[in-house]
Ligand SMILES: Nc1nc2c(ncn2[C@@H]2O[C@H](COP(=O)(O)OP(=O)(O)OP(=O)(O)O)[C@@H](O)[C@H]2O)c(=O)[nH]1
Ligand SMILES: [Mg+2]
Ligand SMILES: [Zn+2]
């Protein structure tokens, strides 16, 4: 039998059968997917083959095969730096939820996320949430951030999950698709799912006053069927976003605005650092590429892990202010 994985808790997987029943399944023995080394062999969104096992008091399943994944989104596993964690697979669209300061989302974090999504060929839409809370400076920061990403070609939405603003436009983009919500803890992913489908009553929690960070309320990725012919995967908040091993030369290919200019660099193996006649550096000087993007690029190139800290955010804000002042 074939089904779709809706939830994974590590040892048990909730699979929806083609008939629409939910079956709790385990994985057969120690089989591993070929190719990728991940801490979780089966992820939400996987299509699996399973057989039923009936005992006197329950019907469970045993998964013995995973169908080839159309795509998947991964992050480096926190503890095992060479292993990956598959957040979800077979996704049509990712909506990256961003809040400006409650909790703060940095340019660097967004760029790391986008690079990974570009590498795995998954369309990402930026959703600025909590617009109802903005004061004048926050609004300016948000509009600037949106400007940076719209210039590159990323679609941006502005929503308030608590005041139901922008929800219809978002729904429209989800019809007939499997979407995933991602972003830091506390940005309002589960609240947004509830806004679209109040009957789900997903657990949400206020962010900590002291640290201005979310409290990791959602602990497992889970898929939900929505009443307007859409599927959504709500995920736990992510902290740092380690980029999965990439060749240095490959990285700028995942910055679309760099990629468009690459051919104009003098050297075809240009890393856009100190090389002469670099089209990316020239565009940067002309303010056609945002400094925040270039800084993220350099950080990824250097391979340092992003640690999600508020001081990184201040650094990024400074960069955005500097960039703005140059205009
Ligand atoms: N004012 C306002 N508050 C919001 C909005 N969206 C979410 N919140 C609040 O933000 C807090 C965190 O929301 P959650 O939905 O739990 O956040 P999450 O992204 O699911 O967090 P994790 O599950 O920890 O990853 C809650 O107190 C929500 O009520 C919004 O648009 N406006
Ligand atoms: Mg949540
Ligand atoms: Zn160059």
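Placement of Cβ uses the backbone N, Cα and C atoms for every residue, glycine included.
According to TrEMBL, the feature GTP binding site maps to 129, 130, 131, 132, 183, 184, 185, 186, 187, 188, 189, 190, 191. Contacts of residue 131 (GTP binding site) defined by a Cβ separation under 8 A and a same-chain sequence distance of 6+ are given as 142, 158, 159, 160, 165, 166, in order along the sequence.
Summarising the annotation, TrEMBL assigns Zn(2+) binding site to 265, 270, 272, 278. Within 10 Å of the Cβ of residue 278 (Zn(2+) binding site) there are 20 other Cβ atoms, across all protein chains.
The domain 'CP-type G' annotation in TrEMBL covers 80-241.
Annotation source TrEMBL lists domain 'EngC GTPase' at 89-239.
Applying an 8 A CB threshold to same-chain residues 6+ apart, the list for residue 187 (GTP binding site) reads 97, 98, 99, 103, 105, 129, 130, 214, 237. Following the DSSP three-state reduction, the secondary structure of residue 270 (Zn(2+) binding site) is coil. Among the binding-site residues listed (129, 265, 272, 278), 265, 272, 278 have a CB atom closer than 6 Å to some atom of ligand 3, in sequence order. For residue 270 (Zn(2+) binding site), the nearest neighbour among the listed binding-site residues (183, 185, 189, 191), judged by C-alpha distance, is 183.
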